[in-house]
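What follows is a single structure, written as structure tokens, with notes after it.
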Amino acid sequence: MINLSIRQMADMLTTKQISVQELNGVYHDRARQFNDRTNALISVYEELCAREVMQAQDLLGKAAHPLAGIPLIHKDLFCTRGQTTTCGSNMLEHFIPPYDATVVSRLSAAGMITHGKANMDEFAMGSSNEHSAYGPVANPWDLSRVPGGSSGGSAAAVAARMTPVATGTDTGGSIRQPAALCGITGIKPSYGRVSRYGMVAFASSLDQGGVLAPAADDCGLVLSAMSGHDPLDSTSARRPGWAWQKPESADLTGVKVGVIQDWVDGLQDEAIKQLTLQAIETLKAQGASLIDIHLPHADLAVSAYYVLAPAECSSNLSRFDGVRFGHQTAQAQNLEDLYRRSRSEGFGEEVKRRIMIGTWALSSGYYDAYYLKAQKIRRLISDDFRQAFDQCHVLACPVSPELAFKHGEKADGVSMYQADQFTIPASLAGLPCLSMPIGHAAGLPVGLQLIGRYYDEQSILAVADQYQQLTRHHLQVPEAFL
Ligand code: GLN
């Protein structure tokens, strides 16, 4: 059961080989049973889930959406009406949104069953899920290691098959890096593909909702259902809708894959390098032609991102003042003191660090030197990608420079920031990108990143699906969770 694709589950539901109740019962039990070990979930739903199961079972007889009855977990920064939405922060411990995020309402309308909310780095800031007010998440492949972040709870929950699919968000790598470290597939769509309405904002020009699941096909199905223009989000693109088409064969003839060779050559971890080269060779054996691509400004991406993202976060997080939103201190002397104490008590260390860096980078005298310069670098990186895509259809490169690290191993912020070196460039350019599993080193999963042209999710998902038609890495489940 736990290795069925979403397509297979949907088939079994419509042909009545299994009921919605049975399917969801299996995942509900696994979510409960494995949460002690992984801490992947901040909340597990009982009544809401039971109600949705009844509704989906009713729907199935009629013209139901193909996703009706399929279990789902949302990252805890998507607003869920009447259910806490913590964003991994003490600031929002008691926040109960009065409305659903568009992603949530679209997937519910399709008949998917929400089982709960996933743990995450506070306000999506981090690459290890250690910055959560609700405790760190354990990587199902080795509980002493991190699952990556910030969508670490979503990735761990899928890896342990506590759910067949989860939503996540990616600002600079938060879907792709945890997907890589947990041995599953994760896609961040093009900026504007998925509505940000009801998604708690971190860095608004970069944030995108996406999907984590074992296979590219699963991701494609769910992404199609949650994407499309939304009048409630002015940054959602006014473009025609899209429905994922699964390729019929694994033949990649005619597909030009650009390999970012400097990134592969620069990998310090020999095992990751070998697996990456091997996966690229497999694509070639499937018929793809390989082209060597160089992105001259990409090595500036981490520095630019860690100015731009904090700048946007300092502005976005100013709404949490303890008055309208967020934790309110019990002991304010006056209004100024209320703001100061509420924010000091509510935010964790990393969030405070980002607010301070961002406020500083935006302050007069520093704005031109840092914020403006970072914006210019962002443009140069976008131009690099544009030139690369004159020569190829998709790009292939590493996701993470290292395997899942031990909890507590990266104590200082800057070494954690370096974990994002391969994921940030595509984020700055707003391009669709995914991570897919390509094997294990020392028992830990490794991913390969595919980056596509703007609004061409179809091509990267297709290449991943075609690779997965011939390989089984995405079907591996950690032994302790079988
Ligand atoms: N790790 C990056 C950061 O800490 C990316 C986070 C994200 O994509 N939300 O900002």
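Note: Cβ is positioned from N, Cα and C throughout, glycine not excepted.
Marked as active site, charge relay system by TrEMBL: LYS75, SER150. Residues or ranges marked as active site, acyl-ester intermediate in TrEMBL: SER174. The domain 'Amidase' annotation in TrEMBL covers 27-461.
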Filtered by Cβ distance under 6 Å to ligand 1, the active-site residues LYS75, SER150, SER174 reduce to SER150, SER174
Mean per-residue pLDDT in the domain 'Amidase' (27-461) works out to 97
In all the protein chains shown, the tally of other Cβ atoms within 10 Å of the Cβ of SER174 (active site, acyl-ester intermediate) is 35
Cβ neighbour count (10 Å, all chains) around LYS75 (active site, charge relay system) is 33
The correct three-state DSSP answer for LYS75 (active site, charge relay system) is strand
Long-range Cβ list for SER150 (active site, charge relay system), cut-off under 8 Å, min separation 6+ in sequence, same chain only, gives GLY88, MET120, ASP121, ALA124, MET125, GLY126, SER127, ASN129, HIS131, THR169, THR171, SER174, PRO178
Simplified DSSP label at SER174 (active site, acyl-ester intermediate) comes out coil
